[in-house]
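Down below is the structure, laid out as structure tokens.
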Amino acid sequence: WKDDIKIDQEAVKAYVGGEFKPNAGAHAGRDWGKFDIEAEVVGLCPTGCMTYESGTLSIDNKNCTRCMHCINTMPRALKIGDERGASILVGAKAPVLDGAQMGSLLIPFIAAEEPFDEVKEVIENIWEWWMEEGKNRERLGETMKRVGFQKLLEVTGTKAVPQHVSEPRHNPYIFFKEEEVPGGWSRDISDYRKRHMR
């Protein structure tokens, strides 16, 4: 989904009050104690985008990575948004010796509605690029590593977003072009450093 997570504050209060079992009752075989929303939901959010203050749960949807932990823990209180679609990952493989390798996120969100023309257009662009750039018996993921992921982003017309970074601050594959940099390559670096002194 693309839009905000829907929150039912009454159901949140019911979870905190013990009326509803967390995880839809999946852990009901044993007494785990009183449900602690701070420890079991807010504290386990990977981006820290949730807060629970004075009986109200709020989510900073801009920073949410949609891991779905909160939704799985409180399914009656939290629901996914209405604008639904798909993410497209490319370049995955499962070789016997190395084990399965996850694909790279290419399209964070695309509307997946019949007749799926938007999805087909992206896939056809990838196929054309792969047929032109790929070597004999070379997989898409190997072509992406050899030519560069940024080239695939350009071919599909996808703008780089933070979700494309798999390892922050570790050899980025997104490089800026001169027209994207304010002042271009010819700006005075000493002037820039004056404005950004530590």
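Heads up, the Cβ atoms here are built off N, Cα and C, so glycines get one too.
Given the structure is predicted, the values throughout are model-derived calculations rather than measurements.
Positions annotated as [4Fe-4S] cluster binding site by Swiss-Prot: Cys45, Cys64, Cys67, Cys70. Per Swiss-Prot, the feature domain '4Fe-4S ferredoxin-type' maps to 55-83; the stated evidence is sequence analysis.
As a summary of secondary structure, the domain '4Fe-4S ferredoxin-type' (55-83) carries 5 helix, 6 strand, 18 coil according to DSSP. Residues belonging to the domain '4Fe-4S ferredoxin-type' (55-83) score a mean pLDDT of 93 in the model. Annotation for the binding-site residues Cys45, Cys64, Cys67: lowest Cβ count within 10 Å of the residue's own Cβ, Cys67. In sequence order, Ile5, Val41, Cys45, Met50, Ile59, Leu78 make up the list of same-chain residues 6 or more apart from Cys70 ([4Fe-4S] cluster binding site) whose Cβ falls under 8 Å from its Cβ. One way to see the shell of the [4Fe-4S] cluster site is to take the Cβ centroid of Cys45, Cys64, Cys67, Cys70; the remaining same-chain residues with a Cβ within 8 Å of it are Pro46, Thr47, Cys49, Met50, Ile59, Thr65, Arg66, Met68, His69, Ile71.
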